[in-house]
Structure formats: structure tokens, C-alpha cells
Amino acid sequence: MPLLMDGLAYAGAIWSLIVFCVQAIGLYQLFRSYSRPPPPPVSPSLTSEDVPHVTVIRPVKGLEPRLYECLISTLQQSYPRDKLSVHLCISSKEDPAYPVLKKVVVEYSATHDVRLFVETEDPLLYGTTGDTRNLGPNPKIRNISHAYREAKGDIIWIIDCNIWVSKGTAGRMVDKLCGFPAGSRPYKFVHQLPLSVDVTPPQDSGVLRTGGGRLDEMFMATTHGKFYSAINTVGVAPCICGKSNMFRKSHLDRLTDPAHNPILPKETATRPRGIDYFSAYICEDHLIGDLLWRSQVPGHGNHGLVFGDLALQPMMNNSVGSYIARRVRWLRVRKWTVLLATLVEPGVESMVCCMAFAHALTTTPWCPNPADWPIPHTWTALWSIWLAAIAVWATLDYVVYHFLHSCRSIEKDADSPDFAQGNELMKRPFGAWILAWIGREILALPIWTRAVLLGTTVTWRGTKFKVRPDQSVVDIPNAGAKSNGIGSTNRKVR
């Protein structure tokens, strides 16, 4: 038993130090990159023939908070208008968000290339020549498939409907993707750091009824922000969120063809190409990024995080239950895509990591003579060190949370919404902040347990799916939506 305890203590020491180092890298990168607005992009200032054309695809489902402001943010980009096409996508005209999309099209169609795509009017799926079985069950892919096929130019920017971006974002993402200015390294895939902002009015607040937004913004601005930045700084593995991603259509079309990509199984030759290749999967954002990461494109880097630009997601009236359900879904759809990272995730949370650190300091004989070690091997010492480590962790989270929510890196102007201003309106009293921090930390392990160990189904965009070990999904009939029959014959992508 002493050998076992010593082994656990040594493992805890190594693990906690690794986590502390990763956090340090993330904190350094956050403060280095988000302290001021990034420099103006290069690509918009090139000659007209040298400016790459960008097709922005925005999938929409339901009335998201501040939907109008989020959608028009891509129409207010400083990128040349004749080089920017915006495709708004919705499942049907019965969707409550449809009038908002129509309003955007009416207001901007005279000056911008903006189009509205309705899934039920997609000739690939409906009409005399269509068949709903031509695509898998993924509702997001089915939503944007037509817009992707109609894309102008080669660059695709998929950005969720509930994301707001500043005016220079398109240009800086193109710079990163294409390697501007000349001599810079181009990438296969670029993305942004996501950040949630709860815009629920104070008079509508209630812990269980609206506290989910506070928990979500706490997660995104602390644990997620630190590790997302660190992993993308080191670049040892793909780490993407899927809120705002840019890549080349030519790359994705070619790399989803087994005849041109040897890492794909030959049996996938009958699948459609491009974005449609991933319609059998619920975790399409990660799988697209993963495929581009693992596929050879000479002269290109794998993934590039566009440091300095934030993808802001306003949230409103989200219950604690909805936060838990969203986190469970997030973990379950990624369980089989990044299994190792999912299994070790509890160890990067404050409660577990600090306990491993405290156990290591109060258990292992770090000196030949135990009497020379200044920390006693007692329960009192263990809990004291744990509390001290938690306090330091919370202090760092408090600092980085307020730093990110100050929105210092955002180019502010008259068109910037209140949630992007970083002003007093969005600041939280310390009491409210610490309650949200404690709540998120306490919920982390139960959420992980429920997601990873206690189920394989997720509900997304009104449809219930079963997630399989080969990363494919099948929609479950009689669970809110009619099954389209796709999913049972899907093979592995990776």
C-alpha cells in the first residue's frame, strides 16, 4: 500500500505540474495577444485581382439572442464587398428566425452579395430530382450544403449564427490562411478564440432559471480559454471549437476523395465530397479540422488560431439545466473523436488537479530524511494546501475572466454592440462572479461523468441522435424528428 500511495503521489505531482505549465502558456498567450486591437489586415489592401474571394456561410436555427447584430457583423466587414459573399442558411421558412434573415437580405442586398438558402428548397434533397437520403442526418450539414455548393471563390468561412465578429476579422483570417504578408506561412485551417457573454438583464436574473449563461461564460473565459490558447500555441494536436472556421473549398473537396487522399478508407469512395462528406457525423467541426490536420498539403501549416480576434457569443435566459445539457452534448459528441483528451479532462479541472498536487506534497518522501521535508504528512496539511491552490487558481481565473471580457482586442466603433464594448454594463459583482465560478467547478465532474460514462445519445437542433464509437451518428425515430434512414451504413473516417 505505501508503494501504491507513493506511485499515485508521484503521478499526481507530474500531472499537476504539466497542467500548471499548460495554463501558464495559455495565460501568457492570452495576455500577449488580446491586450490591444490586432494590426489592420493586409489582404483587403491588395490589388483587386489578388484579394481572395470569401464565401461566408451562416447556419441559422431558431431565434438566438442578438441574432440580427451577429448576422450583420459579417456584412459590416472591412473586407472588399466585391470579394465577400454572405450565405444565410435556414432549415425552413417556418423557422422563427426566418423573418430576421429576410430583413437582413432586404437591407443589405442592394450593396452586398447576400443570399438566403432554405434547406427545404435544396434540389439535392427535395423536388423532382432530390432525395432526402442524399445526405446523412447531421442537421447543420444539411442546412449549409446548398450554400457550400454555391460558394464563390475558394475560401469558405463557416461562422455560427450566434457569433459576432469585429470588422477586421475576415481580413485577418484570410491573412492567416493565405500567408499574407508575402513570406508568411499559409495554413490549411484557421479559427478564432470563442467567448460567451451573458446579456440577460439583471431584473430577469435567477440562479436556476438564467444562471446557465453565467456558467457558460465562466467556462469559456477561464478553463476553455486558457487551454484552447495553450494547445493552439504549442500546436501538438488539433483543438478547435467550431464557432468560426475558415478553410479552402478546393482542399476539402480533394481531401474527402479517397482517390486523392490515402488516409481515407477506399470504401468511402461512394460518399459525397466536400462538406457533405461529414453529414453522417454530429461532430463535423472537429472532423473537418482533424482531416485537414492529418492530410498532407505541401507548404501549409495545419491549424492557425487568429490570435487577437474574438468570436463573441451573446447568451440570454439560459437555465442551469440547459448549460448542463449543452456541456453533456459537447462531451458526448467528442468522446470518440478525442478519446484520450476526454478521459483525462477531469484532471485539468481545479478540484481534481489541486487535490493531486496537495496529495503529492503531503504523501511522497521528497527528502531522504522525511523529517527534513517541511510539509507534514497530515490531513490538515493536505486540505490546507488544496485550499491554497484552489485560491490561487480562482484568483488567476478572476484576472483572466475580466481581462477577456474587457474586450481590449476588439476594434470598437459606433456599430459595436454593448456586449462587445467591455464596459461597466457587462461587469459582474465579485459575489456573483465567485458563485458562478464555484458552481462551474463543482458541476464539472458530475457533467463529465454523465456525459462520458452514462449515455451515448444527444439532442441537437431538435433531433435526438445516438453517437457511435466509429464517430458516426444515427437519428432516433419517435424522438422528436423523423429518421432519414442514413447512418446505419456509415464507415469510419479516422
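Glycine is treated like the rest: Cβ placed from N, Cα and C.
According to Swiss-Prot:
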type     : residues : note
ACT_SITE : Asp285   : active site, proton acceptor
MOTIF    : 326-330  : motif '(Q/R)XXRW'
TOPO_DOM : 1-6      : topological domain 'Lumenal'
TOPO_DOM : 28-337   : topological domain 'Cytoplasmic'
TOPO_DOM : 359-380  : topological domain 'Lumenal'
TOPO_DOM : 402-428  : topological domain 'Cytoplasmic'
TOPO_DOM : 450-494  : topological domain 'Lumenal'
TRANSMEM : 7-27     : transmembrane segment
TRANSMEM : 338-358  : transmembrane segment
TRANSMEM : 381-401  : transmembrane segment
TRANSMEM : 429-449  : transmembrane segment
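Beyond the transmembrane segment (7-27), the same-chain residues lying 6 or more positions past its ends with a Cβ under 8 Å from any Cβ of the stretch are 225-231, 233-234, 347-348, 353-357, 359-361, 363-364, 396, 400. Residues 23, 27, 30-31, 218, 221-223, 225-226, 350-351, 354-355, 357-359, 361-362, 375, 433-434, 437 of the same chain, all 6+ positions outside the transmembrane segment (381-401), place their C-beta atoms under 8 angstroms from a C-beta of that stretch. For the topological domain 'Lumenal' (1-6), the residues of the chain that approach it from at least six positions outside its boundaries are 363-365, judged by C-beta separation under 8 angstroms. Long-range contacts of the topological domain 'Cytoplasmic' (402-428) within the same chain, counting only residues at least 6 positions beyond its ends with a Cβ under 8 Å from a Cβ of the stretch, are 30-31, 33-38, 66, 69, 76, 164, 166-168, 195, 197, 199, 214, 217, 221, 225, 308-310, 312, 314, 436.
The average pLDDT computed for the topological domain 'Cytoplasmic' (402-428) is 87. According to DSSP, Asp285 (active site, proton acceptor) sits within a helical segment.
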